[in-house]
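Structure first, then comments.
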């Protein structure tokens, strides 16, 4: 089962639909009392988009700290920003607010989430906060940037299976979004098969 942590965002149920086509999925709010127990039982965690700054989003950052390296983690928009903060990066306000705007994204290095995708592709962006490129994020590769404003759009810690996307794969405006979610789910399923063989 993949657990989606809902950061009180309208896009969360798009994510639930995408993941639910591929595997068992559960969803719980970021401040729900059952969150810790649900996360323990899950095979992987997806942190949804949401409003505001990640430090204000319930138990999200605590959960990332707790389960990093134990379960695959995918952070989307606010979830991406939480990963950045938890692992020592910095956030800043974007030079240009992106609410419902398409951008072309260019891959800068390999990323499991982008398997079977072209080197450039269109994504949908809804955010006013970005990762500060001036502050290093140890153990993470920057795997995609926006071609229009140069902002960081994706990060990956391959060893720990932690992936962050600043854009919205669950939006209809991200044409290859379902492929990205499928790539993550496939990784989760491979982990389960490997552990069953041990």
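In case you wondered, yes, glycine gets a Cβ from its N, Cα and C as well.
Sequence annotations record features per position, and here Swiss-Prot assigns domain 'Glutamine amidotransferase type-1' to 1-194.
With a 10 A radius on its CB, residue 81 (L-glutamine binding site) counts 29 other CB atoms from all the protein chains. Swiss-Prot lists 50, 51, 52, 81, 128, 129 with the feature L-glutamine binding site, giving similarity to another entry as the kind of evidence.
The 10 Å shell around the Cβ of residue 77 (active site, nucleophile) contains 28 further Cβ atoms across the protein chains shown. What Swiss-Prot lists as active site, nucleophile is 77, and the listing cites sequence analysis.
When secondary structure is read from DSSP and collapsed to three states, residue 168 (active site, for GATase activity) falls in the coil class. Annotation comment: Swiss-Prot describes 168 (among others) as active site, for GATase activity, evidence class sequence analysis.
Residues or ranges marked as active site, for GATase activity by Swiss-Prot: 170 (among others). Summarising the environment of residue 170 (active site, for GATase activity), the number of other Cβ atoms within 10 Å of its Cβ, over all protein chains shown, is 27.
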Please state whether DSSP places residue 51 (L-glutamine binding site) in a helix, a strand or coil.
coil
Cβ-Cβ neighbours of residue 52 (L-glutamine binding site) (radius 10 Å):
12
Per-residue Cβ crowding (10 Å cut-off), top of binding-site residues 50, 51:
50
Can you name the residues of this chain that are 6 or more positions from residue 128 (L-glutamine binding site) yet have a C-beta less than 8 Å from its C-beta?
93, 94, 97, 98, 99
